[in-house]
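Visitor: Right, I'll just put the structure down here and ask away after.
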Amino acid sequence: MKIHKYDTVIVGAGGAGMRAAIESTKRSRTAVLTKLYPTRSHTGAAQGGMAAALANVEEDNWEWHTFDTVKGGDYLVDQDAAEILAKEAIDSVLDLEKMGLPFNRTPNGTIDQRRFGGHSRNHGEAPVRRSCYAADRTGHMILQTLYQNCVKEGVEFFNEFYVLDQMITEEDGVKRSAGVVAYELATGEIHVFQAKAVIYASGGCGKFFRVTSNAHTLTGDGQAAVYRRGLPLEDMEFFQFHPTGIWRMGILLTEGARGEGGILRNKDGERFMEKYAPVMKDLASRDVVSRSIYTEIREGRGCGPEGDHVYLDLTHLPPEQLDAKLPDITEFARTYLGIEPYTDPIPIQPTAHYAMGGIPTNVEGEVLSDNSTVVPGLYAAGEVACVSVHGANRLGTNSLLDINVFGRRAGIAAAEYSQKADYVELPENPAEFVVSQIEQLRTSTGTERVAEIRRELQETMDANVMVFRTEQTIKTAVEKIAELRERYKNVAIQDKGKRFNTDLLEAIELGNLLDLAEVMAVSALARKESRGGHYREDYPNRDDVNFMRHTMAYREVGDDGTESIRLDYKPVVQTRYQPMERKY
Amino acid sequence: MATPVLDKVEAEASASPYITVTFRIRRFNPEVSAEAVWEDFQLEIDPKERVLDGLHKIKWDLDGTLTFRRSCAHGICGSDAMRINGRNRLACKTLIKDLNPEKPITVEPIKGLTVLKDLVVDMEPFFQAYRDVMPFLITKETNEPTRERLQSAEDRARFDDTTKCILCAACTSSCPVFWNDGQYFGPAAIVNAHRFIFDSRDEAGEQRLEILNDRDGVWRCRTTFNCTDACPRGIEVTKAIAEVKKALITRRF
């Protein structure tokens with residue numbers, strides 16, 4: 001076991017982690033621990049753009065952007081945070097440009113902008129061009145640009161280090177972060193990182209669904225690490241299903257395709273979104289579009305022999321426009337489906353995409369241990385966190401924005417904190433949990449296989465807690481997850497080695513997914529209303545009287561060692577906007 | 001407009017798709033043996049699936065010790081470059097049907113970098129070469145956002161091709177010069193230098209050209225086009241290297 005000491009430790013090297021690292025490295029001795037090489041992070045898979053009211057191509061302002069974000073989140077958004085997001089968006093984009101990001105340009109040389117779902121002129125009048133983009137590879141450009149600037153700033157990376165535990169020391173009844181415990185993939189060695197400040201920027205947890213746009217590595221490791229240590233997770237029932245995943249595979253096809261004029265059609269060729277969202281049509285918010293697609297499919301208007309998908313039609317757009325604005329997604333259609341998007345529509349279905357919920361933080365990125373108490377020295381930003389700027393449904397292009405705005409804020413806040421704080425004493429046996437977890441898996445003679453449990457988890461999640469949910473389906477999922485968690489105790493791996501043991505890590509990742517799936521299902525069961533990405537067929541309306549509040553889920557361990565989930569609730573911060581009926 | 005139809009794809013989808021293929025994989029685990037060996041695995045797979053899906057079937061259902069890197073599974077993250085049937089490709093962008101599944105599909109680690117276990121190689125020398133070309137925008141003005149800096153669409157288009165690089169190392173590890181001499185910067189580092197040399201906003205082109213004028217720089221390139229063939233992003237790598245060579249001679253970029 002090795003012990004390291006840093007002022008600031010950042011967990012994860014996607015957009016939020018690297019944006020934080022650029023700030024933190026300038027101000028404090030910083031280590032970035034990442035389970036992937038930085039340029040492998042899933043930020044790179046984001047396509048369509050980053051929202052900011054630059055008003056380069058038409059009238060726009062940050063207040064309209066704030067409103068759209070609040071409305072898009074079905075009023076579960078904390079409005080103070082949304083205002084910061086929209087205001088700081090403008091500098092955030094200009095900052096990335098200064099760092100070298102190659103945005104697409106207008107004829108007069110300014111950053112070009114395009115339409116995106118839910119972003120509107122003057123509080124919903126019509127779609128507005130707010131998304132700053134680089135073809136359909138904006139996330140790739142952001143990830144590369146941030147990595148380039150990390151190289152420039154000399155950011156210290158520990159690549160292929162898996163953070164498996166959060167160290168918390170309780171002093172005078174106050175929980176403080178002492179650092180993290182990590183596992184080095186190359187050697188199997190365990191490393192304890194003592195740090196004054198820790199920032200989680202480890203991304204989402206979409207891999208508990210089968211049809212998902214998420215990478216294999218998005219297994220919620222950060223959320224699980226803090227949750228296991230008694231800290232809450234907020235709004236985990238809210239998961240976004242992106243309307244346009246490649247049929248059966250889930251690979252993302254950007255909403256920018258519809259921003260450029262693409263149209264969704266059912267088997268009759270009908271532009272069905274006109275029925276569901278007369279003003280915004282195909283550019284309604286993602287939850288609305290995904291539900292509309294499944295409504296078409298359920299009512300027998302889906303495409304194909306099994307009627308299980310609809311079409312994304314780009315055939316009316318000039319090939320030059322597709323080549324210039326959507327080169328990657330058209331290539332995906334050719335590579336994975338053998339379809340030529342110039343002439344043929346692309347079969348799509350909603351795909352599990354983004355966790356709106358996560359580790360609760362305030363607008364400085366400080367992690368909360370209840371509705372208001374800050375955990376000194378602990379920060380989170382990006383998809384792992386819940387600020388909450390996305391509420392019940394995130395708008396497209398607001399996540400690339402979130403990682404830049406709140407990654408930067410967390411990086412500054414953590415580094416400033418670590419400059420004035422002292423180290424918190426390490427727990428007595430800091431690596432105990434990780435050592436025993438690994439030992440248990442390495443020596444297990446159990447009969448369960450990781451892949452089989454994961455498959456069953458993904459199947460139950462797809463079947464029961466996806467776009468449409470009911471009391472019955474969620475209960476089915478809760479029971480199935482409980483069964484799988486029990487079976488997981490009997491899981492065994494084949495690779496017993498120390499070197500690059502990805503078999504072992506997949507087992508640990510599955511444990512994280514099971515924990516988070518349970519939190520998600522239990523939170524969803526208790527929310528007896530429909531709001532944003534959480535749609536209950538048995539409670540189809542939003543219920544502001546009883547449920548205009550954030551869910552806070554805590555792990556409880558009884559005296560006899562039994563685990564349970566305790567749900568609590570947190571008020572929503574409302575400033576400018578009163579909840580209204582949501583129409584697009 | 002007419003109702004879109006998709007007869008071809010859907011006819012294929014309705015038939016039973018599975019075929020039996022053999023994966024012949026180069027295995028190496030220094031904890032077990034100092035020798036690398038070939039191992040065959042037979043599996044049922046839909047030809048429309050990816051080589052990566054095949055590797056997962058092996059790892060998940062047959063042999064959990066099989067080790068490889070992967071993440072996004074659709075050609076964006078650059079984790080899973082490997083040598084498939086003797087050619088560098090991304091496992092997640094290579095479909096079984098495009099490989100002649102009648103014969104065993106050979107899968108080896110990319111060449112020229114030290115193999116650590118099975119298909120996992122040491123990427124550090126590759127990233128070091130990348131870092132050595134100063135892969136970041138250098139300008140005299142400060143980084144503070146004040147007002148927007150302009151760039152014409154034409155100037156932006158000048159370096160578009162080389163912005164697509166995902167640092168997967170497929171090009172560099174397909175280069176015979178790199179195989180023989182790991183000191184050579186390799187195509188990927190030159191591509192990333194090109195991305196800045198030809199960016200109108202950058203002011204350090206001369207410095208980068210001097211770095212690449214080194215004996216291990218662009219002049220080692222023998223124009224074999226392996227890199228261009230290997231690039232999963234369709235970057236014209238050899239052309240980019242030629243443009244850097246030309247810029248070195250003319251000092252115009």
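All residue numbers here begin at 1 and follow the chain in the order shown.
Placed from the backbone N, Cα and C atoms, the Cβ positions cover glycine too.
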Visitor: Can you say which of A:187-214, A:355-382, A:467-494 is given as coiled coil in TrEMBL?
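Guide: Based on what TrEMBL states, coiled coil spans A:467-494.
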Visitor: I want to verify one value. Collapsing DSSP to three states, which class is A:ARG394 (substrate binding site)?
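Guide: Looking at the DSSP assignment, A:ARG394 (substrate binding site) belongs to neither helix nor strand, so coil.
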Visitor: Please report the distance from the Cα of A:SER399 (FAD binding site) to the Cα of A:HIS42 (tele-8alpha-FAD histidine), rounded to the nearest angstrom.
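Guide: Between the alpha carbons of A:SER399 (FAD binding site) and A:HIS42 (tele-8alpha-FAD histidine) there are 12 Å.
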Visitor: Expressed to the nearest Å, what is the distance separating A:GLY44 (FAD binding site) and A:HIS353 (substrate binding site) at their Cα atoms?
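Guide: Rounded to a whole number, the Cα-Cα distance is 14 Å.
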Visitor: Quick check for you: of the binding-site residues A:GLY12, A:HIS242, A:THR254, A:ARG394, which have their Cα within 10 Å of the Cα of A:ARG286 (active site, proton acceptor)?
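Guide: Cα filter at 10 Å returns A:HIS242, A:ARG394.
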Visitor: Restricting the comparison to the recorded positions A:HIS42, A:HIS242, A:THR254, A:HIS353, A:ARG394, which residue's C-alpha is spatially nearest the C-alpha of A:ALA16 (FAD binding site)?
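Guide: Given the candidates A:HIS42, A:HIS242, A:THR254, A:HIS353, A:ARG394, the nearest one is A:HIS42.
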Visitor: Go through the recorded positions A:HIS242, A:ARG286, A:HIS353, A:ARG394 one by one and keep only those whose Cβ is less than 8 Å from a Cβ of chain B; report them in sequence order, or 'none'.
Guide: none
Visitor: Show, in sequence order, which residues other than A:HIS242, A:THR254, A:HIS353, A:ARG394 on the same chain lie with their Cβ within 8 Å of the centre of the Cβ atoms of the substrate site.
Guide: A:SER213, A:GLN240, A:PRO243, A:LEU252, A:GLU255, A:ARG286, A:TYR354, A:GLY396, A:SER399
Visitor: Across the record's substrate-binding residues A:HIS242, A:THR254, A:HIS353, A:ARG394, the largest CA-CA distance in angstrom?
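Guide: Spelled out: the longest distance between any two Cα atoms in A:HIS242, A:THR254, A:HIS353, A:ARG394 is 14 Å.
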Visitor: By the DSSP assignment reduced to helix, strand and coil, which category contains A:HIS353 (substrate binding site)?
Guide: strand
